[in-house]
Amino acid sequence: MAINHVDGPAMVLAGPGSGKTFVIVERLRCLIEEHKIEPSSILVITFTKAAALEMQHRFLKITDSSYPDVNFGTFHSCFYQIIRWANSKRKIDIASENFKYKLISDILHSLSVSDNRIKAELELGDDIVRDVISEISRIKNSGLSAADCDKSFAFSSSFHLIIKKYSALMDEFNKIDFDDMILMCRDSLLNDGELLRKCREKYRFFLVDEYQDINKMQFDVLTLLCGDENNLFVVGDDDQSIYGFRGSDPGLMLGFNDFYAAKNIQPKIINLNINYRCGKRILDCSKLVIEQNTERFKKEIHADKKSIDGKILPLIYSSKEKECEALKRFLLANMDDLSEIAIICRTNAQCGQYAAFLKKNGIKTNLDDRKMAFYECEGVRVLLSYLSFAYLGHKREDFLKIINKPLRFITRETATKETVSEGDVIRFYTGNLKMQRTASMFFKQINMISHLRPGLAVRYLRKDIGIDKLYQKDMDKLDELEKVAREYVDVKKLLKDLNDLIDESFENKKKTSKKCERTVNIITMHGSKGLEYKAVWIPSINEGIIPSRSALTKKQIEEERRMLYVAMTRAKQALIMSYLAGTKENPMLPSRFLRPIRSLWEENYSSPSKPSSGSSTSSSNSTSSR
């Protein structure tokens, strides 16, 4: 039914593992070969360049490259093309993420002089800069104004001023961001009848993948382009909408039928309700979790009749260390299947921690270059050298890396021994009072760092020593490092884990394969979307992690639950789920999302709160269910 649909709007509800890509490429073939639709009049839109290329490759493969004129692209690439048609003589300069970060950071610091709330937030860390960027994006993509800022936002009352300054500075630098590009595209189509006519003549049939991730502005542009023909064919799963931080709104998918009903058009709603990926037990367990959400389509998804039952192993550990040890034992028992195993975490910081632990224990990971890059960039390496010099003894090697970061004009000749002391440097500058003061100040700063907890030490280095100013291009990676540092108490352990990861990143730098032999996959819940593995381990499913502490509203909580659902439905044969119980002195709560399936833990333990020593994983020594 979905493949043979021709005219008018249609929405395909495609659950995980239901073969949605097959439906899209087969419908393309059917439009062209069965219904004689001109290939160049078809536009296929995805959210990422990789997805667009994969879709195009699969289509060309099944048609022997007979129809190369079908248009494949991302929302951004398609909208950019329309803007180029509308403004052929204007240079369009799109701001980089680093440029936006610097701009927002400068705005917040300037406002903090007279706003104590902003000052207090900045003192807690630079997370607030990312939060502001995300909120600006959400506001723009949702077609809202600054007055509609999330009221749980740290300083929502000042948001109108922040966004006003941001817009003014972007204009001053003659730059736009990706969100502006969508707005420009919509406004150009609304105000330029000739441009709209040209676009409608070129494109008559629209196919959109991952429709659950669409935002209000993208939807407005799509419906403008479709015109009265309404040839919009969308595929998605509202239960996998996990990009609310950038304005994605599953409500647009939920309201698809009502939107067209208001135009006296009855769209076709088609369900792909067979899951060809997950074992039956895994699918049933995942359904119990996601069915706790109220803002969703009710679905009856079934496992393929040929599918196996699958295995679910629910585990409890008293500490992260014991959880890691159990994870290590499981992976060592499955070394031949490592590339078919995924550890799926809520955050990048968690991914880094597990990768460091596994590396130390001789297990390779495929933590991708984007995530590994922040460990090997110059700004991070200089910062780590500062920590090493402060905490692990005043080694000459570290001293030479940091002494002139920032510039202090202290010569390398001051370091003649393997261990550098303040006295040696002061004596070198005998008779030069200015340089003696400089050296003395440097060692006072080192002493200050050595008495701080890891997270505060990183913050001090960034703000007081000036690492941020030196390495503005590395801001994203420095942010990520600070997040990781906050989760440690012992600086020596932090340095050991991070140095292990740096070593691994250089060893793996030349590897391009995403599934290397005898290499385990470590990914975030966001990054796992669209992937599948024989076995999946989701660790630390605890309150404060999933859902995140920052998830406060019902809408945010439901999105966090969807993230867990996405992670669970990556598993084909075995799903391992663990949480930390903590100790009597420091108890930890399992995630509220586990309540519908708590019987799994009750069956596996004499008491649902009884922590595991890790031996339970011996029952899961194989990633297959044979």
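Glycine is treated like the rest: Cβ placed from N, Cα and C.
Note that the structure is predicted; figures quoted are calculated from it, not measured.
Database features, via TrEMBL:
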type	residues	note
DOMAIN	1-279	domain 'UvrD-like helicase ATP-binding'
BINDING	Ala14, Gly15, Pro16, Gly17, Ser18, Gly19, Lys20, Thr21	ATP binding site
DOMAIN	280-530	domain 'UvrD-like helicase C-terminal'
REGION	604-626	region 'Disordered'
COMPBIAS	606-626	compositional bias 'Low complexity'
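On the 0 to 100 pLDDT scale, the domain 'UvrD-like helicase ATP-binding' (1-279) averages 89 in this prediction. Within 10 Å of the C-beta of Pro16 (ATP binding site) there are 24 other C-beta atoms, taking all protein chains into account. In the structure shown, the C-beta of Gly15 has more C-beta neighbours within 10 angstroms than that of any other entry among the binding-site residues Gly15, Gly17, Gly19.
In the three-state DSSP reading, Gly15 (ATP binding site) counts as coil. Here the binding-site residues are Ser18, Thr21, and the one whose Cβ sees the fewest other Cβ atoms within 10 Å is Thr21. What surrounds the ATP site, by Cβ distance within 8 Å of the Cβ centroid and not counting Ala14, Gly15, Pro16, Gly17, Ser18, Gly19, Lys20, Thr21, is the set Asp237, Leu272, Asn275, Tyr276, Arg277 from the same chain. Other C-beta atoms found within 10 angstroms of the C-beta of Ala14 (ATP binding site) number 27, with every protein chain shown included. Counting only residues at least six positions away in the same chain, the Cβ atoms of Val12, Ala14, Asp209, Val235, Leu272 sit under 8 Å from the Cβ of Lys20 (ATP binding site).
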